[in-house]
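Notes follow the structure.
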Amino acid sequence: MEPQAEEFHHPYSPYDIQLQFMRALYSCIEKGKVAVFESPTGKLAGLSTGTLELLKRFQHKSSAHPRQDEDYGDEDIKILYCSRTHSQLTQFASELRRVNMPSSIPKDFSEGVADTDGLQEGVRHLSLGSRKNLCINPRVSSLDNVTAISERCLDMQQPGVAAEQRCPFLPSNENEAQVLQFRDHVLATVKDIEDIGKLGKDIGICPYYASRSVTKHSEIVTLPYPLLLQRSARDALDLSIKGHVVVIDEAHNLMDAISNIHSVTITLSELQTSLFQLTTYARKFKTRLKGKNRNYIAQVIRLVTSITDHLKTILETSQAPEGPVQPSDLMSGKGVDQINPYKLCRYLRESKLARKVDGYSEFSRERADRQADRKPSTPVLFHIQSFLLPLMNLSAEGKLFYIKAQGDIQLKYMLLDPMNQFREIVDDARAVILAGGTMSPMTDYIHHLFPYVPSSRLGTFSYGHVIPPENLIAQVLGKGVTGTEFDFTFETRDSERMVIPDGVVAFFPSYDYLSQVLSIWKRTLAGEKNRTVYDLIEGKKTILHESRDVTISTEELLQEYASIVGSGRGALLLSVVGGKLSEGINFSDRLGRGVLIVGLPFPNIRSAVWQAKIHYVEQKAYKESSGSDANRQLVAKAAGKDFYENSCMRAVNQCIGRAIRHRNDYAAIVLMDRRYDKPAIQGKLPAWIKQSMASSSALRPAGATIGSLSKFFVAQRTSKT
């Protein structure tokens with residue numbers, strides 16, 4: 001039976017679109033589907049209320065009809081809510097606090113209670129985090145590197161460690177009462193990650209390890225991407241996905257996140273440091289090491305030497321600044337061909353060689369650092385090991401690249417296809433929900449993340465905006481005031497005629513292009529004495545811009561921008577697609593009356609990484625297609641083109657989504673490039689944007705577009721007075 005609006009216990013009266021979203025979410029989870037949801041407003045409240053109502057119904061069914069099968073284990077169904085950052089997880093926790101669920105105590109049992117309507121039921125919620133977020137031991141938390149923190153923590157737990165060197169906050173039989181106290185306090189009210197850390201500090205128990213005992217008692221668990229998307233992280237937290245519901249918010253960058261989490265980069269300098277540490281360790285303990293251990297350490301030294309020598313050759317030659325690397329070239333050193341990669345991988349995992357070598361190196365460094373008053377450096381070999389493991393077992397989905405940078409050279413293992421890494425989650429979970437404000441274009445999720453999921457289990461949902469249609473105008477500006485066509489391709493980006501300042505927040509394809517624009521604006525105009533385009537704009541709006549260099553923090557830049565806008569003077573904020581201001585920051589009301597997207601921010605097709613990605617997509621499409629070779633080639637090329645365009649348009653849609661944050665907000669969206677008028681490009685925009693572009697055309701003169709914008713804002717001012 002479809003839930004009614006009041007059954008979701010939304011903190012406010014939900015709009016019709018929000019109610020549709022919550023009902024569809026409820027239905028998908030109940031039926032065990034894999035679904036992608038796009039909802040530009042009210043998404044967070046919809047996710048919290050929709051999942052809570054479902055939990056309560058599951059619990060009611062479970063208590064009324066205990067299940068006989070054990071398909072999903074002994075635990076009740078949980079909601080595992082995942083997002084990219086802890087700030088987004090904190091926002092979700094805030095939404096949970098606002099939902100008031102009625103008591104599930106039957107009325108028969110509540111007779112005689114004075115105010116049954118006042119009975120409410122809380123949700124058992126747990127925020128999970130990494131050691132970096134939750135460690136309360138100052139000897140460990142003071143380290144500024146995630147790997148160093150993890151290694152120091154594990155070192156303190158090793159057998160034989162002196163009592164004074166062990167962590168006093170680690171849960172044990174002696175402090176079991178504190179662990180139970182921690183559990184009860186965590187489950188009493190909804191707490192975010194900072195609350196969890198403070199609670200552990202107040203009680204005197206490690207919140208990272210104590211949280212494990214809370215997981216099985218929780219109904220909703222929130223956690224960041226790395227803790228959900230890595231099997232090793234889930235195992236470390238004793239977190240099972242089997243039979244539970246996985247909800248991933250802000251999922252527009254999920255595929256990139258999976259690839260990045262399972263990709264590793266090392267540098268030549270790190271390899272050289274690890275080689276020195278390995279040889280020093282081998283010489284120091286050569287008489288104590290067993291023959292088998294000496295042999296494996298010698299193999300690691302030969303392998304690291306071979307990789308180091310090949311990178312030095314690339315660095316010292318006049319090869320391109322970046323390019324692909326063949327595994328056979330890295331393993332061409334003397335004696336490397338005799339190494340059994342599977343046995344060496346097992347040895348690296350089981351022997352904990354990296355921890356031993358890094359531990360000895362750190363002990364040696366600490367004595368020198370104390371004398372020189374230096375901070376301990378990062379454990380290097382542990383990082384090298386994380387690269388060697390995938391190198392020893394390369395899959396078809398991964399590829400190696402080198403990148404020269406500032407006298408050093410990086411070696412990068414890049415996961416090209418996230419499907420298999422995510423499949424275990426999809427197969428184990430009861431239901432998987434991907435949600436975001438702007439998830440368009442959605443074809444990538446279907447083709448590259450869920451191609452194996454039956455269509456009967458798969459669903460996509462895109463909801464409109466809560467604003468009335470007259471509160472948005474979206475225009476393609478394909479020509480300048482002089483009639484020059486806007487075509488911000490790589491080949492035409494140096495043309496000075498392409499730049500027309502307009503709007504409040506402008507997003508440029510890259511930092512380099514933004515620098516070019518600022519340089520052109522600051523040139524003296526022909527026939528003008530010491531007057532520049534920059535001066536003319538400054539006469540109307542104060543110009544602020546994002547910078548690659550950290551000369552000013554994002555918070556300071558936004559505060560200055562908001563202060564100028566709040567003072568009544570206009571401001572033009574120049575930003576970069578994919579930069580600090582393009583995600584997670586909302587420009588509502590006067591802060592975002594206009595959003596300009598300058599050009600299409602396609603990734604650099606000439607980069608080795610993107611050439612490899614597109615080649616992989618094309619090869620996969622070719623293998624999966626049928627018909628003649630010519631037809632399969634066409635299918636492959638179309639798949640590569642679509643994948644490339646989708647990456648660009650996901651970034652564009654994220655920028656567009658920064659504006660219009662509530663029902664009474666209004667804004668103009670201007671897409672400055674004639675290519676936005678192509679049906680293939682417009683088809684990848686969110687539906688609520690496309691609806692506003694029905695009468696737009698890149699062939700219209702700039703004056704006509706500017707006239708439309710002027711009428712739009714006049715109408716808005718009139719309606720608000």
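From the backbone N, Cα and C atoms, a Cβ is placed for every residue, glycine too.
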Of the residue ranges 109-112, 181-184, 249-252, 509-512, the one that Swiss-Prot records as motif 'DEAH box': 249-252
Further [4Fe-4S] cluster ligand in Swiss-Prot, beside Cys153, Cys167, Cys206, within candidate set Cys82, Cys135: Cys135
Secondary structure content, the motif 'DEAH box' (249-252) (per DSSP, counts of residues): 2 helix, 0 strand, 2 coil
Residues of the parent chain within Cβ reach of the motif 'DEAH box' (249-252), under 8 Å, 6 or more residues beyond its termini: 36, 43-44, 47, 81-84, 88, 92, 434-439, 584, 650, 653-654
Spatially closest candidate among Cys135, Cys153, Cys167, Cys206, the listed binding-site residues, to Thr41 (ATP binding site) (Cα to Cα): Cys135
Near-site residues: ATP, ref Ser39, Pro40, Thr41, Gly42, Lys43, Leu44, Ala45, Gly46, CB cutoff 8 A to centroid: Gln18, Phe21, Leu47, Gly437
Assigned conformation of Ser39 (ATP binding site) - DSSP reduced to three states: coil
Confidence summary (mean pLDDT) of the motif 'DEAH box' (249-252): 92
Chain-mates of Cys135, Cys153, Cys167, Cys206 with C-beta within 8 Å of site centroid, [4Fe-4S] cluster: Arg131, Ile136, Asn137, Val140, Met156, Phe169, Leu170, Tyr208, Tyr209
